[in-house]
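Undergrad: Would you mind keeping the following structure in view while I ask a few things?
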Amino acid sequence: MTIDPSLDKRETVSPVLSKEETDLDNEFHSLSRESSVASAEEDENKTVDEAVPPRHPPADERDDGPVVVPRLKRRGLLGQFTLLAEVEDARTYPRKTKWFITFIVALAGAIAPMGSSIVFPSLSQVAEDMDSSSTITNLSISLYMLSMSIFPLWWSSFSERLGRRTIYITSFCLFVFFNCLSARSTSIAMLIVMRMLSGGAAASVQAVGAGTIADMWEPRERGRAMGIFYLGPLCGPLFAPIVGGVLAQRWRWRSTLWFLAVFGGLALIFIVFALPETLIKHKTADTAAVNSSASDDEPDASDGGRRLSRVSSRQVVQFTARWLKLLKIIFIDPLKIVLYLRFLPVLLTVYYASITFGSLYVLNVSIEDSFGKEPYNFSTIIIGLLYIPNSVGYIVASVFGGRWMDKIMEREARKANRYDESGKLIYRPEDRMRENTWFGAMIYPAALIWYGWTVQNGVFWLVPMIANFFFGVGSMLIFSTVTTMLTEFMPKKSSSGVAVNNFLRNIFSCVGSFVTAPIIQAIGNGWLFTILGLVAFLSSSAILALKLYGSRWREKMDARMT
């Protein structure tokens, strides 16, 4: 992947408009700017483009070290409290620092899926205490997942303007608050609503976290880093059911929600003191335009009453326009992220990931529903332990899959002889979908069918658990590939691409977790997972389409986004 030097030149020096923000506003047809500001920017950029070198060349071409931001100028909420120094460009951090930040984000990313999985072993207790049916009780998980699909649209949009750190701190404060209320719920309705809000709060890391990884890591290393990051969100289900089973067996289901509140609070403390802002700093066009217009409209004491009246009227109009702009940023711009689905590379990638992620939650509900009954009759703790095999598969695929994916990227670039002017390899997102993705696309649907019929016939529990391990390996290969590709399809808005992925895939998981139990009762595990496996096999045609036409589609997408 190459960086257009002209873009960096403009965003470095121009005191009026940031090129990246100009692209965003042009794309979404934002409010028009003052013509004088636009013309001034054009004239200045013409001069700047001829004289100023790029500010942010690729990390492997920089000779200087990171430029540390003074403590009092650090960005983000409570930015002065960070023990790890903020730098102007996160790509210049030493590798050890990058891995440390990746670890923090992965740890925070584990909390949202942990919130859904930790209550799986105790759903029967919730139904008993709240005098509710299992279908209604499952809404506390389904709507939790639904909120995890919607809220990241806002978190992602705000993070591109406010920075990553502010979003992390705000969302985790809300997560702790809503989990405390969930633990104190007096009715099933209150529990469902509070769980839904807590899920939306914790979901920030799923979109913003991938953006943080893209802020720091170059494309040639991003696959491995994204795989390590995804260890958090996908290993949350490894520990959550075990912890949930032990807590629920000893102190009932409410203790699982108190655990989430405490864990979220500890993660919040860690973020406040150890996670600096990583988003590259740009001066927004909105701020420049507002400042310019405000200075132009400052009334002079020597002006007459007519001048003051005209200035006052203009200030009222500008005040109203600023509030309308703010309302647009809060309510409209986040929803526009969904418009990325109109691009075929994004749509196909997100669709395939959604099928895979929905299958994961159908499997999770099936484990709790099937192994607590005949012929297995496992206890709450044992049911929690049954979630370990697929999580072990996630770990194996994360450790080796990311490195495998990066090697494939390098191999394909060399094979195609793609080099830039400085002799660096040019990487393309669609190169990540090669034999690694085909392996995952074949193995995880087969594992679903394997699991379904062995559970349906009451086969010894170890046999379906082996199937779950292979499901974990195959699905994780898909997850890490898709997430990395989306950050590269939209390099300037990496968290927006991941937010679109979360939006669609969590809707699939919401539906899957809600309908699984009734479908099992109607047709059994065997036919349910056979249908799901066949759908997954057929959906892998998206990989073939991206391999054949991905480059052409991406070029058209880039042209429409610029």
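Here the Cβ of each residue, glycine as well, is placed from N, Cα and C on the backbone.
Just so you know, TrEMBL annotations never went through curation; they're auto-generated.
Residues or ranges marked as compositional bias 'Basic and acidic residues' by TrEMBL: 1-32, 45-60. Under the heading domain 'Major facilitator superfamily (MFS) profile', TrEMBL lists 101-551. Annotation comment: TrEMBL describes 1-67 as region 'Disordered'. The transmembrane segment feature in TrEMBL is assigned to 99-123, 135-155, 167-193, 199-217, 229-251, 257-275, 337-361, 381-405, 436-453, 459-482, 503-521, 527-550.
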Undergrad: Does the transmembrane segment (257-275) come close to the transmembrane segment (527-550), meaning at least 3 CB pairs under 8 Å for residues 6 or more apart?
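TA: As far as Cβ distances go (cut-off 8 Å, pairs 6 or more apart), the transmembrane segment (527-550) and the transmembrane segment (257-275) do not touch.
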Undergrad: Mind checking which residues of the chain, 6+ beyond the ends of the transmembrane segment (99-123), have their Cβ under 8 Å from one of its Cβ atoms?
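TA: Non-local partners: 84, 90, 93, 134, 137-138, 140-141, 144-145, 148, 168, 172, 175, 179, 195, 198-199, 202-203, 205-206, 209, 212-213, 216, 225, 228-237, 239-241, 243-245, 248, 252-253, 256-257, 259-260, 263-264, 267, 270-271, 274-276, 278, 361, 364-365, 367-368, 380-381, 383-384, 387, 513.
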Undergrad: Average the per-residue pLDDT over the domain 'Major facilitator superfamily (MFS) profile' (101-551) and send me the rounded value.
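TA: Result for the domain 'Major facilitator superfamily (MFS) profile' (101-551): average pLDDT 81.
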Undergrad: Under 8 angstroms for C-beta pairs, at least 3 of them, ignoring pairs fewer than 6 apart in sequence. Is the transmembrane segment (199-217) in contact with the transmembrane segment (381-405) by that rule?
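TA: No, these stretches are not in contact.
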Undergrad: Does the transmembrane segment (503-521) make contact with the transmembrane segment (135-155) through 3 or more Cβ pairs under 8 Å, each pair 6 or more apart in sequence?
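TA: Between the transmembrane segment (135-155) and the transmembrane segment (503-521), which are separate recorded stretches, there is contact, as judged by 3 or more close Cβ pairs.
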Undergrad: Do we see three or more Cβ pairs under 8 Å linking the transmembrane segment (337-361) and the transmembrane segment (459-482), pairs being at least 6 apart in sequence?
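TA: In this chain the transmembrane segment (337-361) contacts the transmembrane segment (459-482) - 3 or more Cβ pairs sit under 8 Å.
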Undergrad: Excluding the flanking five residues on each side, which residues at least 6 beyond the ends of the transmembrane segment (167-193) place their CB within less than 8 Å of a CB in that stretch?
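TA: Here the qualifying positions are 76-78, 108, 111, 115, 126, 130-132, 136-137, 139-140, 143, 155, 158-159, 201-205, 208, 254, 257-258, 260-261, 264-265, 267-268, 271-272, 275.
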Undergrad: Go through the chain and flag residues at least 6 beyond the ends of the transmembrane segment (135-155) whose CB is under 8 A from any CB in it; none is fine as an answer.
TA: 112, 115-116, 119-120, 123, 126-127, 167, 171, 188, 191-192, 195-204, 206-208, 334-335, 337-338, 361, 365, 495, 498-499, 502-507, 509-511, 513-514, 517-518
